[in-house]
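Quick notes on the structure that follows.
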């Protein structure tokens with residue numbers, strides 16, 4: 001394919017311009033007790049979307065501030081009700097939390113639909129066609145209910161076999177009042193089994209969530225398709241774990257070397273006193289530095305490998321392909337430098353950190369056969385509410401898809 005048919009995303013936003021938007025949004029949101037935050041969100045997204053383009057065509061964000069404000073007010077009202085009831089009636093708060101947990105798939109589904117519909121390119125809107133039932137399957141049943149159910153069956157089976165309750169099946173349930181005392185092993189099996197299965201299934205859950213999102217996303221009448229495998233997700237997760245472990249092991253090796261030197265080589269009490277006075281400070285600084293390094297490096301490695309893999313296996317209508325060439329070390333440096341910018345400027349550099357990140361993320365994405373975008377037309381859909389997205393933000397519920 002010729003270079004004329006390939007184009008990279010381009011971001012032209014500047015930190016100084018975004019700072020003006022950010023500081024005004026912050027001031028007006030505080031002044032209006034949060035009411036202006038809906039307009040602030042739209043203004044912020046329209047600036048970021050409008051400065052992101054491909055071959056001269058910019059993205060657009062179409063959400064209405066009033067729509068977002070309505071959803072946000074409902075979300076805040078629900079959050080207040082939950083907080084008050086949790087303080088007054090802890091048991092009621094616990095059941096409300098379970099109820100919210102049951103609504104997470106709906107929140108994710110509504111959020112994906114809303115955000116897609118509010119985005120357009122060349123006057124053609126994106127959309128998300130995923131079914132609500134699939135959202136419940138991928139966000140609730142498989143990652144949580146399935147491990148809990150299997151672990152419960154193992155726990156019950158252990159109790160029946162070991163305690164010889166097979167002839168009195170309902171005895172297991174008749175003693176629930178004394179459950180913590182009589183069934184300690186069963187509880188341990190239930191907890192350890194559920195957590196272990198959940199951890200082992202994380203890469204698979206990541207894969208099915210990503211497939212759900214990618215394979216149900218549309219651009220006009222065109223449909224995205226992504227051919228990704230769970231085995232690749234397991235490989236990326238394992239490599240990420242090894243990278244993180246290697247970074248964490250480095251300060252431990254330094255610690256052992258210092259104390260090994262101190263133990264086997266006695267150069268005099270004055271020298272050892274000086275070393276011993278420095279070691280605790282050095283170790284404390286080293287621990288913080290390497291913890292941050294491990295966090296940023298593992299995040300950069302995981303993000304780069306995962307996005308490069310998913311994007312490189314994604315197409316639109318089988319004739320437009322996407323590529324990503326994120327570099328782990330450049331992304332790591334971006335995370336690390338942004339962190340120190342935030343520290344040294346007491347948070348005032350936040351707009352510049354956002355611009356730097358978006359600019360790099362955009363320039364590493366390219367699209368082949370970009371001229372084929374002209375064949376797509378937008379499909380008419382009903383106006384959608386922002387309720388799902390705002391409830392998700394109020395209760396800190398994410399889709400698990402940050403791309």
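Placed from the backbone N, Cα and C atoms, the Cβ positions cover glycine too.
The feature transmembrane segment, as given by TrEMBL for the ranges 182-205, 206-229, sits at 182-205.
As annotated in TrEMBL, transmembrane segment covers the listed stretch 61-82 rather than the other ranges in 61-82, 303-324. The stretches the transmembrane segment (182-205) and the transmembrane segment (136-162) meet in space: the count of Cβ pairs below 8 angstroms, excluding pairs fewer than 6 apart in sequence, reaches at least three. Among the listed stretches 20-40, 88-109, 331-352, the one sharing the most Cβ pairs under 8 Å with the transmembrane segment (61-82) is 20-40.
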